[in-house]
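One structure is given here, and the rest of the page talks about it.
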C-alpha cells in the first residue's frame with residue numbers, strides 16, 4: 001500500500017476531540033511541570049490571567065507569558081473540570097472554553113473560567129489567545145421571611161384536626177367534588193401531606209354549611225377524601241346504612257383539640273400539584289370498612305406528618321480538598337466534632353467524600369462551620385446536592401449523581417508543546433495495512 005493510500009485512510013479527528021486532548025494535556029503540565037507550561041505558546045501568543053472584575057495587563061509573547069506563570073507560583077495545582085466546549089473557528093482554529101475549580105498549594109478550590117484559541121501551525125496547534133478568570137462565589141440565595149413562615153404556622157394551627165383529619169364541623173358533604181386517595185398510597189409521605197394541605201386550602205376558600213346527612217369521620221390510616229357527584233352513588237348507600245354510627249362519631253368531635261403546624265404541612269403547601277388517584281370501587285369498600293373501626297383507630301394511628309418528617313431531612317454533607325494521604329479513620333475522627341458519623345464514602349483520587357451523620361443537626365453544624373483543618377490542609381464542607389437519583393457512583397462512571405459532574409474521559413497523550421490532532425490508533429492502523 002502506497003503512502004498516498006495510507007494517508008487517505010487516516011481518520012480526521014473532530015475539533016471537539018482535539019479540544020479534549022488539549023485540555024487534558026494542558027492541565028497535566030499545569031500540575032506536574034508548570035515551569036514548562038509556556039511551551040504551549042509562541043511569540044505571537046497573548047494571555048490574560050486574573051480575578052473576575054479585576055483590571056489586569058495583557059501578557060504578549062512567550063517570554064512575558066512565562067514570567068507571568070512563574071509569578072503565579074503553581075505548586076501541586078489541582079483542577080476539577082466540570083465543562084469543556086470546543087468550536088471550529090476561522091483559518092482552521094479552535095475555540096475552547098473550560099469551566100471548573102482550581103486549588104493551588106492545598107488551598108481552598110476556586111471556580112474559574114478559561115478560554116483558549118488554538119491556531120494551526122505546520123506540526124499541529126499552539127495557543128494564540130488565553131483568557132483566565134477566577135469567578136466570584138458571593139451569590140446569596142433568597143430565603144423566605146420569618147414573618148411569612150410565622151403566618152403560615154398560625155393559619156394551619158387554627159384548623160381543627162383529629163389525627164391529621166379535619167373535624168366534622170369543617171368537613172363538606174360527601175357529594176362535594178374533591179379527590180380520593182387509595183389506602184395503598186399512604187406509603188408515599190409527600191402525597192399524604194400534600195393531600196391534606198390541598199383539601200385545607202380548598203375548604204378555606206369555600207362557604208361551608210353543616211351537612212344534613214351524617215358525615216363519617218375516619219382515621220389517617222385510610223386517608224379518605226371526597227368523590228365527585230357522578231361517582232359517589234355507592235358511597236351514598238354506605239353513608240345512609242351507617243348513619244347511627246356516624247352520629248356517635250360526630251358527638252365525640254366536641255372534645256377535639258387543634259393540632260400544631262408540622263414540617264410536612266409546609267412542604268405540602270409548596271407542592272400544590274400533588275393529587276391522589278383511586279378507583280370508584282375502592283372508594284365504596286374503604287368507606288364501609290372505616291365506619292366500624294373509627295374509635296379504636298383514632299387512639300392508635302399517629303399522623304403521617306409527625307412520624308415521617310424527620311426522615312426527609314438531609315443527614316450527609318459533601319467534603320472536598322481532602323489530602324490523598326488522609327485515612328478513612330482520621331477523616332471520620334475529624335468530622336466527628338460536629339456529631340456522631342454513621343458512614344463515609346471517600347473518593348481518594350478526587351480528594352472528596354460524602355460524610356453521613358446520624359441526624360440533621362450535625363449537618364447544620366458542619367455547614368455553618370464551612371471549613372475544617374486536617375493534615376495542614378483546609379477541607380471545604382458543602383451541602384450535598386442530589387441532582388440525580390441513586391447512590392454515590394464509583395470512579396470511572398460517565399456521570400456522577402450528586403456534587404460531581406466532572407468530565408471523565410480517557411485521553412491520549414499528545415506531543416509536548418503542540419498537538420498534531422491525530423490519535424495513536426492511526427499509526428497502528430498504518431502498520432497493519434503495510
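Glycine too: its Cβ is placed from the backbone N, Cα and C atoms.
The region 'Disordered' annotation in Swiss-Prot falls on one of the ranges 274-308, 309-343, 344-378, namely 274-308. Of the candidate ranges 210-254, 390-434, Swiss-Prot annotates residues 390-434 with the feature region 'Disordered'.
Range with Swiss-Prot annotation region 'Disordered', chosen from 101-140, 141-180, is 141-180.
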